[in-house]
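Asks: Grabbed the feature section from TrEMBL, which reads as follows:
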TRANSMEM  92-111  transmembrane segment
TRANSMEM  117-143  transmembrane segment
TRANSMEM  164-189  transmembrane segment
TRANSMEM  201-221  transmembrane segment
TRANSMEM  228-247  transmembrane segment
TRANSMEM  267-287  transmembrane segment
TRANSMEM  299-322  transmembrane segment
TRANSMEM  348-373  transmembrane segment
TRANSMEM  413-432  transmembrane segment
TRANSMEM  453-471  transmembrane segment
Amino acid sequence: MSLSLPLPSRSSQIRTLAITPASRKHKFLHIPQQWTPSRPLQHLHTNHQYYLSRTSFQCMSRSQQEEYEVERLFSNLNQVTLKREPGSLSSAILLVAGTTIGAGILAIPAVTQESGFLASSVACILCWIFMVTTGLLIAEVNVNTMCELGSGGVSLVSMAKRTLGVAGVQFSCWSYIFIHYALLIAYVARSSDILTNFLGIPLWESATLFSLVFGGICYFGSQRFIGAVNGLLVFGIIISFTSLVVAASGDLHLDALLKANFSAVPMSIPIIALSFVYQNVVPVLCTNLEGNLSKVRTAIVLGTAIPLGLFLVWDGVILGSISTPEMADKIADPLQQLLSTNGVVGPIIQAFSFLAIGTSYIGFVLGLSDFLADFLKLPAGENKPLPYILTLIPPLVLALLDPEIFFKALDFAGTYGVLVLFGIIPAAMAWSDRYSSSSTSIKLQQLVPGGKVTLSLVMGAAGFIILSEILENFMHL
């Protein structure tokens, strides 16, 4: 389908500039109703860039170093009615929050009990700032890539190929696939265990039921429907979380919250960072919000701030309820101790765990299926089942075979995969996108300030944690 961008003319005829489709669904570039060219329009040339601002359609030479504010790059259109269906900011916030709140929150008390609540709270806030920064960097590169390619629905493959070359594509692709499959396996295994205990059905039936229901929502559901389902799940998380906090806070020891062992913090950072993973849905977010950078920034910051608050309260309630402080040398889960001493919280924890896994599962399925569709170069404008089959079936099969063999893979994904794929690589892509002379994309506003200093700090922090973990593991061989 050929799309066109109307350009102004003094005559009654409308001249057009042909562009490529903006995503897998039919989309058009947005043009303000009232606008005037800031400079005389010229024929498209490599030395000039055409782009849209809130009030004008501008043409600038690439030699001019300016930032431009774009309301949106295109409009999402319903394939049947051809009416615009703009992405909802509230749905985008809930998608980020739901993707972030996953099974990782259940492991936070176990990995932070040695460092204590005070030190682990500092670590959580720092990890949140770090992961927000890398998510904004991904969004910045994603929107710039959409501008250059003239296509929406751009995944990490196209972003890495454009900024890091072939080697960057291969490394990013396999890291991305490995992390997603590992986490999806964990989600299916844990959710099937919960459903089996609740419904009394065999494990394979509960795992299949979970995959079919949530996978079907992702494949058949529209943006609004998925947003509504995700909103209900997040609402359920908040209700169950509140009930859990009320039930578990009766035996809260305030002095236990003052414990701070900062030397043990580095050991907990990989799991905390893994708990804040949401970057896989950022390309989906940018497409749903039509490339609106202001909305994308708001969705990422607020969408991750909700899990941050939940993580801090959750960690404080669990660690503050531990009656035995000497647990540093034990492989003990504070949740298990809480379950053994407080029978009321058992069903609430199960409900909270299932809802948290469900929201993350939706986000990871959407992210991986979009990634695979771009990786396989499937035709745009069609909702092909192949990416969803490749996304849903392997985790289901592997989780049923023997999920325990993937626990070490999950640890590896948190320690190395997440910090590399969602730490070093976003900063490297942004560096290339901002400062490489070969980049020909429209330079929109930067979502992360600080220039090369900020990018260097991001890559340096991730590299330091990875090297620390490598040395720690080497010393225990």
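Any Cβ shown, glycine's included, is placed from N, Cα and C.
Each of these features: where is it, how hidden is it, and who are its neighbours?
Replies: Residues 73, 108, 154, 156, 159, 163, 256-262, 264-265, 268-269, 272-273, 276-279, 282-283, 285-286, 291, 293, 296-297, 300-301, 304-305, 308, 311-312, 315-316, 319-320, 422-423, 426-427, 429-430, 433, 444, 446-448, 454-455, 458, 461-462 of the same chain lie 6+ residues outside the transmembrane segment (117-143) yet bring a C-beta within less than 8 angstroms of a C-beta in it.
Outside the transmembrane segment (164-189), and at least 6 residues removed from its termini, the chain residues within Cβ reach (under 8 Å) are 102-103, 156-157, 207, 210-211, 277, 280, 357, 360-361, 364-365, 367-368, 371, 375, 391, 394-396, 398-399, 403, 406, 409-410, 413, 417-418, 420-421, 425, 428-429, 432.
Residues of the same chain lying 6 or more positions beyond the ends of the transmembrane segment (201-221) and with a Cβ under 8 Å from any Cβ of it are 188-189, 191-193, 195, 229, 358, 361-362, 365-366, 369, 383, 385, 388, 391-392, 395-396, 399-400.
Below 8 angstroms of C-beta separation, residues 90-91, 94-95, 97-98, 101, 217, 221, 306, 310, 313-314, 317, 342, 344-345, 348-349, 351-352, 355-356, 358-359, 362 of the same chain, each at least six residues beyond the ends of the transmembrane segment (228-247), sit close to that stretch.
Residues 89, 92-97, 100-101, 105, 108-109, 112-113, 116-117, 120-121, 124-125, 128, 131-132, 135-136, 139, 234, 237, 241, 244-245, 248-249, 251-254, 256-257, 259, 272, 275-276, 278, 282, 285, 289, 334-335, 337-338, 342 of the same chain sit 6 or more residues outside the transmembrane segment (299-322) yet have a Cβ under 8 Å from a Cβ within it.
For the transmembrane segment (348-373), the list of distant contacts is 24, 95-103, 105-106, 153, 155-157, 176-177, 180-181, 183-184, 187-188, 190-191, 194-195, 197-198, 210, 214-215, 217-219, 226, 229-230, 233-234, 236-237, 240-241, 243-244, 247, 278, 280-281, 283-284, 335, 339, 384, 386-388, 390-392: same-chain residues at least six beyond its ends, Cβ to Cβ under 8 Å.
For the transmembrane segment (453-471), the list of distant contacts is 130, 133-134, 137, 266, 269-270, 273, 415-416, 419-420, 423-424, 426-428, 430-431: same-chain residues at least six beyond its ends, Cβ to Cβ under 8 Å.
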